[in-house]
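Have a look at the structure below, then the notes.
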Amino acid sequence: MKILILNGPNLNLLGTREPEIYGSKTFEEYFSQLQFQFQKMELGYFQSNSEGDLIDKLHSSKEEGFDAVVFNAGAYTHTSIAIGDAVAGISTPVIEVHISNVMNREEFRHVSYISKHAVGVISGFGLKSYELALNSLH
Ligand code: DQA
């Protein structure tokens, strides 16, 4: 099984960005751990701060051979109709993940343009949210 982990804006700053909310590990460190933990899966990783790049990556996920996408769209989750449309428009299943519990935070984070088109949503377990998503695909 080949899975794409797709991270949106500001997630390249993990490790130093608001560590009280997002922890102090960089995603690169965590990704190596995931690759070790899920050796039976082929994991790909892509991060972008640009909405269009994230949409392009969702569009090409099938031709790149990905069976599913574990997607943390960051703040675009709450603002981007275009990203929601991209998730709706592809046949590759998408699992929406968030490090923090978005329902526990500001009201503007309670809206997601992705959830309706995702197979499921995992939010609030720290970086472990990604592991839980991968486990659900096992
Ligand atoms: C986030 C939650 C979003 O509200 C926020 O804008 C992020 C990260 C999370 O993983 O908890 O950038 O998606």
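Placed from the backbone N, Cα and C atoms, the Cβ positions cover glycine too.
As given in TrEMBL:
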type	residues	note
SITE	R17	site 'Transition state stabilizer'
ACT_SITE	Y22	active site, proton acceptor
BINDING	N72, H78, D85, I99, S100, R109	substrate binding site
ACT_SITE	H98	active site, proton donor
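Known features from TrEMBL, placed on the structure.
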residue: R17; record: site 'Transition state stabilizer'; Cβ neighbours (10 Å): 14
residue: Y22; record: active site, proton acceptor; Cβ neighbours (10 Å): 19
residue: N72; record: substrate binding site; Cβ neighbours (10 Å): 25
residue: H78; record: substrate binding site; Cβ neighbours (10 Å): 17
residue: D85; record: substrate binding site; Cβ neighbours (10 Å): 14
residue: H98; record: active site, proton donor; Cβ neighbours (10 Å): 20
residue: I99; record: substrate binding site; Cβ neighbours (10 Å): 22
residue: S100; record: substrate binding site; Cβ neighbours (10 Å): 17
residue: R109; record: substrate binding site; Cβ neighbours (10 Å): 17
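When every Cα pair among N72, H78, D85, I99, S100, R109 is compared, the largest distance found for this substrate site is 24 Å. Only N72, H98, I99, S100, R109 of the recorded positions listed as N72, D85, H98, I99, S100, R109 bring a Cβ under 6 Å of any atom of ligand 1; the order follows the sequence. Among the binding-site residues N72, H78, D85, R109, no residue is found with its Cα located within 10 Å of the Cα of the residue listed as 'active site, proton acceptor'. Across the fold, the C-alpha of N72 (substrate binding site) and the C-alpha of H98 (active site, proton donor) stand 6 Å from each other.
Calculated from their C-alpha atoms, the gap between R109 (substrate binding site) and the residue listed as 'active site, proton donor' amounts to 11 Å.
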